[in-house]
Amino acid sequence: MSEANEFAAVTKAFSGLGVDENLFISSLGRWNRYQRESYRVSTPGFFNEDERQFQRWSDHHILQLRQEFLRLKDAVVLYTMHPWERDARLFKEALLLKIPQHDVLIETACTRSSEDLLGARKAYHSLFEHSIEEDIAHHIKAHERKLLVALVSTYRYEGPKVNDDLAKSEAKVFVNALKDAKKNNLIEDEEIVRILSIRSKLHLKAIYSHYKEMTGNFLDEDLDGDLILKQVVQCLCSPQTYFSKILIASLSLDVKESAKDSVTRVIVTRADENDMKLIKEEFQSKYGSTLAAKIQQVANGSYRDFLLTIIAKSD
């Protein structure tokens, strides 16, 4: 490999999700001081020319690279956790951020079975010695607090029966609430909160279907003005659509660190669910590429191989 091609390969190994450890060993480890200096000079995106005449690492890239080296470790630790502990810790981390991650709270509360959500709440008690409901109420002061507390507290019916007349009636509740959305804050509507937090997922899918029949529109699309309610409806009625959107937005080199973290979270937490098969099908249908191909394109090294191994289980 020519020096220019080798430099390009090392830069790619530094640039994706995760790092290519083998390339660092086979190429970078062989370079002498002059080759390393030549690389620093030829890679101004990573190195800046200091006023005292040396090439210094960009502080931003040092921090970023440290995070990329940790990415595999974080994925492995999450993957080996008991699912209840994993979800409890994800709840906690989402709440401790300066701006709480509502999407993590919503996707965990709305896509788990009733038993697994209850298990995550029990694990939260053991790990943090108080309840997830208490912490949400403490950390979130905005209008969405009541809905989020209700979502994590619920124990939904998971049987096959759906009262279709009731579902049709409650679809009308959404139709009327959206007509008055400019006057009233939907997320504070007691009927909306009640329906979303207590009804079975099959019942909610029936509401979704009846809403489309009544309005000609999809309910989640009509909720574009309220991101939290849109995410709740998608996670309850069509989680594969929600997770596919999260993944396509995260599998890129120019996204925020919190978005990159979503790749690990989604793939690891969906690994043992039928969700992963549906997510891969939805991803390919919607974006014209397999999820595996997109991971190959963006991720590096052992982190990439670990993700590909996990998603291959659902083939």
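A Cβ is built for glycine as well, from the same backbone N, Cα and C atoms used for every other residue.
Note that the structure is a prediction, hence the values are computed from the model and not measured.
Every protein chain considered, the tally of other Cβ atoms within 10 Å of the Cβ of G16 (Ca(2+) binding site) stands at 22. Residues annotated as Ca(2+) binding site in TrEMBL: F14, G16, G18.
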Given the binding-site residues F14, G18, which one's Cβ is surrounded by the fewest other Cβ atoms within 10 Å?
F14
Using the centroid of the Cβ atoms of F14, G16, G18 as reference, list every other same-chain residue with Cβ within 8 Å of it (recorded Ca(2+) site), in sequence order.
K12, A13, S15, L17, V19, D20, E68, A299, N300, G301, Y303
